[in-house]
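The structure under discussion appears below in the form of structure tokens.
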């Protein structure tokens, strides 16, 4: 760096000269070199000068620590140690020093004729302070002098130097195939409780990083956590980590699924990594996923949680198609009847299917060098089904399928449209809209033809039409035909295919057979759990359970205070009063006279009760003269609910008492949760459904004197627009609890992105950067259904964390994983692969992964990060 005035004595530190640094690499290890660089450079910066130093007046405007933290990624990645101007102008230079602008955080070269650091200063006069990232010398171009720290002056320079030391990953000091952060050498890390072994052991990281394909850090971090999942490893790799886990079946590549095959091939390559290749390019897998979801384009920041949800849904859907295809192949190999209504034959084919090994010989084991088009250039695919003593090779040619009946639905790389030739020849393809219309004669003829033909009882592709046939005779199956014609059944069947679910009522098969079929979905059994919504009506005390499958639990970490909510409601009501939009139609509601104790029919006061139950408007005179009629109505409905409450059985009382206990009803919500347990308590907190969120109770409707009754307890009238004959609006309590089965892998998503409603009604998207404390072990016994708490333990162990740093519009994803991908350098080299044929160690240690940067971490570092998604595995 050129200097006109030097305020300190020239240092004799050999690290001031970059050439001396390179010459000394042979005599020092990387850790010793980094430590010595830090100590001597910091010592040189505070060395007593020969003349009294001057305090630089430009530090206040020239140093912006907040801007430096935003560009810390350039220091952590050695591949980004390039001059900003040289990169922009595509100039290639070697052996030049880099300086960090203390204002914007960009790197600029300084030891050649161009001197881009000075050019940057001449263009932006406030950007005058630069720090050499190797020697840590600070220079001010406005003063044209070096800046030194002396007698509590210029202390902000020390902050910049410490920032560089804690984030710099120099290409001169990194070990082969392993990228380590200098900060791991400056601090003595606490050992994780999952890392067993003596402290004298030395480990080498062999876990590969992933190449950033253009703002794909969200994709790389999610993949790294999935690669660290032991349950997923045990169903793909022939070598198990957890011998106590029950494996449904091995997950293998199949020519009928492009995304699933690319996913399995990537994991197989990752598991076989031994450190020879430090960075992989997930081009094939990302290309297959982007083909299904074009919105995930390169160079555009995306959400890692959205990616995970779509990825798991696609993998489960493709696995379901492969399962159906292989089941039909086994059925044909056993020469079974195309009609699979016999439960014993179907159960036999399911048992035989588990013995089938489906392989794809065209898939190369080297996935990191495979192009995107390799999987789409196959002329035919072959499925070998080995069942008992019979061996049959069934070959399906794509050319034959294209030359077959033109009405048959075509597939590129998934299942054939009709699993039975008989069904294919007797069924014409119709659009889903025509097929789901129960009033369409064409749709009824299709189902009638399928029913009369002894064909398949099969599910079609969700993108195609849905065919269900029955093998029983016409007289016996007439009630079932009505079910098949039902649009509710047809829509439910299509939803089942999209979600990968199976129902014994929809399939009309034995429940045990369908449970066995559904349990064969490997990815679904690993990641899918169940969340139950429990609602108790305050009038009849009836409990309604509504379960739903979940693959992750999204819990909020921000709860606005009641004061802010009242303010927002006031402004919303004020805007609606002066709104020019047409008012909603009012609803006439019949209630009892509050001052009349007799059983006479209630009167309707349209002037005071002309209020929309779903948020309509009352007259302006009522608003100005007295309290809102809607508030009176809500309080009146609550009184009616209490007065009309009936008796409850002992069993229902025990269930309601355990779920809606007195402590859960009285415990307030935690407005500022600090820990993960606080967030889970808020999520499972008892919520009161009242006002606009009243519960439509069907049990109250079935009791006497309810709907349209002139007696007490009548809530709505049969003539009302929003009245339904099968339900009555009641106040109720609601609680969300986890239900059986709990998944082996439990994913928690912290909602850090939300929209804040301002006082003027506009939604401002924001990110919550609050720290949420989480533990390595999580006990979910408090958050499951009461009947499960005494049966088994629900303890989980943390194995992966995804962190998002930055703002809502710009940021970066990194991952912390608990990995086996280490080599014990203190052990003999022959023992590195004795644990399994995959390189690694039996115990697991924490890793920090940022795209292609992989370094060892510790629980002390992981526990302090700003977690976005937490991955737990059941113990």
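Quick reminder: no glycine exception, Cβ is built from N, Cα and C everywhere.
Note that the structure is a prediction, hence the values are computed from the model and not measured.
Here the zinc finger (54-167) returns a mean pLDDT of 82 for the predicted model. If you look up Swiss-Prot, you'll see 54-167 marked as zinc finger.
For 56, 58, 140, 143, the entry in Swiss-Prot reads Zn(2+) 1 binding site. Under a cutoff of 8 A between CB atoms, and with a sequence separation of 6+ in the same chain, the neighbours of residue 140 (Zn(2+) 1 binding site) are 56, 58, 59, 62, 128, 129, 146, 147.
The secondary structure of residue 86 (Zn(2+) 2 binding site), as reduced to three states from DSSP, is helical. Annotation source Swiss-Prot lists Zn(2+) 2 binding site at 83, 86, 109, 116, citing sequence analysis.
Secondary structure from DSSP puts residue 127 (Zn(2+) 3 binding site) in coil. The Cβ of residue 127 (Zn(2+) 3 binding site) has 22 neighbouring Cβ atoms from other residues within 10 Å, across all protein chains displayed. The Zn(2+) 3 binding site annotation in Swiss-Prot covers 101, 104, 120, 127.
Feature annotation from Swiss-Prot assigns domain 'USP' to 208-875.
In three-state terms derived from DSSP, residue 217 (active site, nucleophile) belongs to a helical segment. Taking a C-beta cut-off of under 8 Å and a sequence gap of six or more, residue 217 (active site, nucleophile) has these contacts in its own chain: 812, 813, 814, 850, 851. Taken from Swiss-Prot, the feature active site, nucleophile covers 217.
What Swiss-Prot lists as region 'Disordered' is 396-486 (among others).
Annotation comment: Swiss-Prot describes 401-438 as compositional bias 'Low complexity'.
The compositional bias 'Basic and acidic residues' annotation in Swiss-Prot covers 473-484.
Taken from Swiss-Prot, the feature region 'Disordered' covers 575-628 (among others).
Taking the C-alpha atom of residue 86 (Zn(2+) 2 binding site) as reference, the shortest distance to any of the binding-site residues 101, 120, 127, 143 belongs to 120. The Zn(2+) 3 site is defined by 101, 104, 120, 127, and by the 8 Å test on Cβ atoms against their centroid, the other residues of the chain that qualify are 102, 103, 105, 106, 108, 117, 121, 124, 130. Calculated from their C-alpha atoms, the gap between residue 127 (Zn(2+) 3 binding site) and residue 143 (Zn(2+) 1 binding site) amounts to 12 Å. Look at residue 143 (Zn(2+) 1 binding site): DSSP puts it in coil. Sequence-distant contacts of residue 104 (Zn(2+) 3 binding site), defined as residues of its own chain at least six apart whose C-beta falls under 8 angstroms from its C-beta, comprise 64, 67, 71, 124, 127. Apart from the site residues 56, 58, 140, 143, the chain places the Cβ of 57, 59, 62, 128, 129, 141, 142, 145, 147 no farther than 8 Å from the centroid of the site's Cβ atoms, the recorded Zn(2+) 1 location.
In the three-state DSSP scheme, residue 120 (Zn(2+) 3 binding site) falls into the helix class. Classification of residue 109 (Zn(2+) 2 binding site) by DSSP places it within a strand. The separation of residue 83 (Zn(2+) 2 binding site) from residue 143 (Zn(2+) 1 binding site), Cα to Cα, is 23 Å. Across the structure, residue 116 (Zn(2+) 2 binding site) and residue 101 (Zn(2+) 3 binding site) place their CA atoms 11 angstrom apart.
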